[in-house]
């Protein structure tokens with residue numbers, strides 16, 4: 001079991017270094033989120049690669065998890081006021097007064113996207129290391 005854990009850490013470290021070298025400023029920066037730092041593997045939300053995240057989201061590290069988090073791109077908040085939902089938020093004049101997943105719509109911050117997005121399923125060719133890692137994690141349970 002310790003061998004699998006060490007192997008897991010090695011693979012994770014390789015991915016982390018590999019991903020950091022490919023980061024683009026156009027993707028925005030990872031926001032600080034109030035998300036659990038408990039190490040739980042949730043196949044729907046844990047990402048390993050940026051290409052698993054939808055447009056406007058970035059694969060960010062939170063504790064020992066990696067999630068597709070909403071980001072601003074070139075300081076612009078993505079989304080449309082037509083898609084806004086939720087209760088009226090705080091008063092605003094511009095998007096920069098709102099959180100990254102909100103826009104200033106009718107002088108109120110409104111949620112236009114989710115803070116955390118589900119990951120996209122990768123094609124078989126691009127997900128070999130992801131599948132291997134998930135199988136490895138399953139073995140250790």
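Backbone N, Cα and C define each Cβ position, glycine as well.
The signal peptide annotation in Swiss-Prot covers 1-19 and is backed by sequence analysis.
Swiss-Prot lists 23-71 with the feature domain 'WAP', giving sequence analysis as the kind of evidence.
Residues or ranges marked as disulfide bond in Swiss-Prot: 30-60 (among others). In three-state terms derived from DSSP, residue 30 (disulfide bond) belongs to neither a helical nor a strand segment and is classed as coil. Contacts of residue 30 (disulfide bond) defined by a Cβ separation under 8 A and a same-chain sequence distance of 6+ are given as 58, 60, 61, 69, 71, in order along the sequence.
The 10 Å shell around the Cβ of residue 39 (disulfide bond) contains 8 further Cβ atoms across the protein chains shown. Among the features that Swiss-Prot reports, disulfide bond is placed at 39-64 (among others).
Here Swiss-Prot flags 47-59 (among others) as disulfide bond. Residue 59 (disulfide bond) has a Cβ environment of 22 other Cβ atoms inside 10 Å.
The disulfide bond feature in Swiss-Prot is assigned to 53-68 (among others); the stated evidence is similarity to another entry. For residue 68 (disulfide bond), applying a Cβ distance below 8 Å and a minimum sequence separation of six or more within one chain yields 45, 47, 52, 53, 54, 57, 58, 59, 60, 116, 117, 118, 119. DSSP assigns residue 68 (disulfide bond) to a strand in the three-state reduction.
DSSP classifies residue 105 (disulfide bond) as strand under the three-state reduction. The annotation disulfide bond is assigned in Swiss-Prot to 81-105 (among others).
The annotation disulfide bond is assigned in Swiss-Prot to 92-104 (among others) on the grounds of similarity to another entry. For residue 104 (disulfide bond), applying a Cβ distance below 8 Å and a minimum sequence separation of six or more within one chain yields 92, 93, 94, 95, 97, 98, 110.
All protein chains included, residue 92 (disulfide bond) registers 18 other Cβ atoms within 10 Å of its own Cβ.
Mean model confidence for the domain 'WAP' (23-71) is a pLDDT of 78.
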